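Enquirer: This is the feature table in Swiss-Prot:
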BINDING   His60, His89  heme b binding site
DOMAIN    2-143  domain 'Globin'
MOD_RES   Ser2  N-acetylserine
Amino acid sequence: MSLSTKDKDTVTAFWGKVSCKAGDIGTDALSRMLVVYPQTKTYFSHWKELGPGSPPVQKHGMTVMKGVGEAVAKIDDLTAGLLNLSELHAFTLRVDPANFKILSHNILVVFAIMFPHDFTPEVHVSMDKFLAALARALSEKYR
């Protein structure tokens, strides 16, 4: 499913509204993923604390959302634009690409909670398509 020009415009506009809360979004989304999908904790076993909102969760949540922001900036060619992140996750971190979809779902949940008036059905569809495209781009080096 490719992103239409309208999807790209919608994603860019929505990101402009929510990016100032990127750290909070990332912390909540990652916290939710670790609680609801406890199998994802295996990637973070080196952290001393995995609880919701803990310092390592906050730090990595911000890192994740910086990556989302980078993807928004490179929305016209996610595969090439995110090649370094794809290689990192595939070869160094060895993250199961199914986890990208899990985290994407949690990001959408947090958008809906934090921005109920801005996260319209139209924005939801475009952001869902964008996060799916982002997950595909990150999975590129797994092939």
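Cβ coordinates come from backbone N, Cα and C, glycine included.
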Enquirer: To which of the recorded positions Ser2, His60 does the lowest count of other Cβ atoms within 10 Å belong?
Expert: Ser2
Enquirer: Mean pLDDT across the domain 'Globin' (2-143), rounded to an integer, is what?
Expert: 92
Enquirer: By DSSP, what is the split of the domain 'Globin' (2-143) into helix, strand and coil residues?
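Expert: With helix first, then strand, then coil, the domain 'Globin' (2-143) has 113 helix, 0 strand, 29 coil.
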Enquirer: Quick one: Cα separation, His60 (heme b binding site) versus Ser2 (N-acetylserine), in Å?
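Expert: That comes out at 28 Å between the alpha carbons.
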